[in-house]
Amino acid sequence: MAAADGALPEAAALEQPAELPASVRASIERKRQRALMLRQARLAARPYSATAAAATGGMANVKAAPKIIDTGGGFILEEEEEEEQKIGKVVHQPGPVMEFDYVICEECGKEFMDSYLMNHFDLPTCDNCRDADDKHKLITKTEAKQEYLLKDCDLEKREPPLKFIVKKNPHHSQWGDMKLYLKLQIVKRSLEVWGSQEALEEAKEVRQENREKMKQKKFDKKVKELRRAVRSSVWKRETIVHQHEYGPEENLEDDMYRKTCTMCGHELTYEKM
């Protein structure tokens with residue numbers, strides 16, 4: 001009895017099919033896909049056979065039965081003698097092996113795939129080497145134009161256009177968004193425009209002198225207008241008709257009298273009849 005019980009698990013193990021290895025399953029799948037491709041190609045080569053036979057009154061060329069081929073992978077193929085041989089000779093080249101596009105950091109020389117400066121400013125610098133407070137500092141568009149004497153065309157139209165990021169104004173939220181540029185790229189672009197640092201400094205000095213001259217000119221104009229306003233007010237006061245206010249009259253001699261204006265000192269002499 002015990003021997004019979006021990007034989008049952010062994011018989012059950014023999015009845016269960018063994019699982020095929022992964023390589024065998026992959027080979028079977030490739031052969032199945034190839035069989036489907038050959039069948040589709042054969043059908044596409046003669047899509048109008050029934051229609052052509054009906055058009056010729058039922059007369060059609062009768063071909064021999066297709067050749068049956070055992071692929072050895074569990075599939076049976078019906079292969080035309082000439083057409084399938086041509087299709088079978090087609091060799092598909094394997095696709096290229098995709099490799100990661102690594103970028104070399106210009107600071108440390110190490111390879112990296114992604115970084116903040118590379119994504120936003122096309123600067124090959126990894127996040128570990130990023131110096132946000134000094135070398136890789138960001139400046140506003142207004143500061144770039146005032147400090148480095150750049151115009152809008154120098155930033156946006158000169159090749160290559162400089163990249164920037166847009167952020168809300170932290171001081172005035174109701175104002176428009178700020179455009180922030182990489183200071184390192186702004187300095188490089190200013191040297192391209194002005195040629196050298198010395199030429200840039202000379203241009204800044206000339207612009208500062210012109211700005212001071214304009215301020216002095218505006219100041220002189222305001223002083224001139226103020227003087228003109230004062231003179232015109234004095235002239236207007238002088239043109240007003242003066243009304244004399246005479247004091248008591250004085251008797252000079254026979255029937256002659258005199259009185260003096262208390263405001264301007266004008267003397268009026270007259271005779272009483």
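The first residue you see is number 1, and the count goes up from there.
Just so you know, glycine gets a Cβ as well, placed from its N, Cα and C.
Note that the coordinates shown come from a computational prediction; the quantities given were computed from them, not determined experimentally.
Taken from Swiss-Prot, the feature N-acetylalanine applies to ALA2.
Per Swiss-Prot, the feature region 'Interaction with CEP164 and required for UV resistance' maps to 4-97.
Positions annotated as motif 'Nuclear localization signal' by Swiss-Prot: 26-47.
Sequence annotations record features per position, and here Swiss-Prot assigns SUMO2 cross-link to LYS63 (among others).
Annotated SUMO2 cross-link per Swiss-Prot: LYS86 (among others), in sequence order.
With a threshold of 8 Å between CB atoms, the same-chain residues lying at least 6 positions outside the zinc finger (105-129) that come near it are 136, 163, 165, 182, 184-185. What Swiss-Prot lists as zinc finger is 105-129, and the listing cites a curator's inference.
Around CYS108 (Zn(2+) binding site), the same-chain residues six or more apart in sequence whose CB sits under 8 Å from its CB are CYS126, ASN128, CYS129, listed in sequence order. Under the three-state DSSP scheme, CYS108 (Zn(2+) binding site) falls in the coil class. Swiss-Prot lists CYS105, CYS108, CYS126, CYS129 with the feature Zn(2+) binding site.
If you look up Swiss-Prot, you'll see LYS145 (among others) marked as SUMO2 cross-link. Counting only same-chain residues at least 6 apart in sequence, those with a Cβ under 8 Å from the Cβ of LYS145 (SUMO2 cross-link) are LYS151, ASP152. LYS145 (SUMO2 cross-link) falls within a helix when secondary structure is assigned with DSSP.
The Cβ of SER196 (phosphoserine) lies under 8 Å from the Cβ of no residue that sits 6+ residues away along the same chain. Marked as phosphoserine by Swiss-Prot on the basis of experimental evidence: SER196.
Cβ atoms within 8 Å of the centroid of the Cβ atoms of CYS105, CYS108, CYS126, CYS129 (the Zn(2+) site) belong to the same-chain residues GLU106, GLU107, GLY109, LYS110, PHE112, SER115, THR125, ASP127, ASN128, site residues excluded. Taken residue by residue with DSSP, SER196 (phosphoserine) is part of neither helix nor strand, so it is coil. In this structure, the binding-site residues under consideration are CYS105, CYS126, CYS129, and the one with the smallest number of other Cβ atoms within 10 Å of its Cβ is CYS129.
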